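Colleague: First the structure, which I've put down as structure tokens, then a few questions once you've had a look.
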């Protein structure tokens, strides 16, 4: 039997895990997410997911001319769309799931953020999806991920990215950029590395929650919870 390195994780999925920018939800990419979550549950990992929305809405691209707060609220609503899509896909795969949103809707299947209920769901083996970010403008879904990790008692945040870890500069623009295998949160803040926003860093530092940054692809999260070497580990 495989030995788990982490038994309760907070998985931060960017919108790109669901589809390319402006594409909406790609069924094939959604299927990859479901398969990964199914495997995690089979291993006995309690997993909560915070969803982004870059596949539907990007403030820098789509929000020009709008009040910043309005653009942010549109982004929060877009995360709920991804959350609903993932919830339905998990139900179709016969996996138990609960969807909570910081933006409250009177819709079946969506509950308000409730940390106690979320922890109860995780104990029962249910996958918990968090949508709606923090529920407030001017905060990223990274900050939401840090908050939810604290609320559910996650041992680690696994943040999926378009690159294979944390680099000293964007490797897509600087091919010789150095990749870090391990780095501390304090070092990341001091070096101004674009891992998460500073508010998320502060929450993780205060609550001693490590962050694993890795490129989203099939099997990567499973390897991470088994203690395999993937991405960059940002230690508190």
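All residue numbers here begin at 1 and follow the chain in the order shown.
Each Cβ is built from the backbone N, Cα and C atoms, and glycine gets one as well.
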Colleague: Can you identify, from 7-12, 13-18, 19-24, 25-30, the stretch that TrEMBL calls region 'Involved in allosteric activation by GTP'?
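Modeller: It is 19-24 that TrEMBL annotates as region 'Involved in allosteric activation by GTP'.
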Colleague: For the UMP site, TrEMBL lists 134, 135, 136, 137, 138, 139, 140, 141; sort out which one of 31, 72 goes with them.
Modeller: 72
Colleague: Please report the Cα separation of residue 14 (ATP binding site) and residue 72 (UMP binding site) in Å, rounded to an integer.
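Modeller: Their Cα atoms are separated by 16 Å.
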Colleague: Quick one, of the binding-site residues 54, 137, which Cβ has the fewest other Cβ within 10 Å?
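Modeller: Least crowded of the binding-site residues 54, 137, by Cβ count within 10 Å, is 137.
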Colleague: Counting Cβ atoms within 10 Å of each candidate's own Cβ, which of the binding-site residues 72, 170 comes out highest?
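Modeller: Within the set of binding-site residues, the most crowded position is 72.
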Colleague: According to DSSP, does residue 12 (ATP binding site) fall in a helix, a strand, or coil?
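Modeller: Where residue 12 (ATP binding site) sits, the three-state DSSP reduction gives strand.
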Colleague: Quick one: pull the CA-CA distance for residue 170 (ATP binding site) versus residue 139 (UMP binding site), whole Å only.
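Modeller: With the alpha carbons as reference points, the distance is 23 Å.
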Colleague: Can you tell which of the binding-site residues 72, 135, 137, 139, 141 lies nearest to residue 12 (ATP binding site) in space, using Cα positions?
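Modeller: Nearest in space to residue 12 (ATP binding site), counting only the binding-site residues, is 141.
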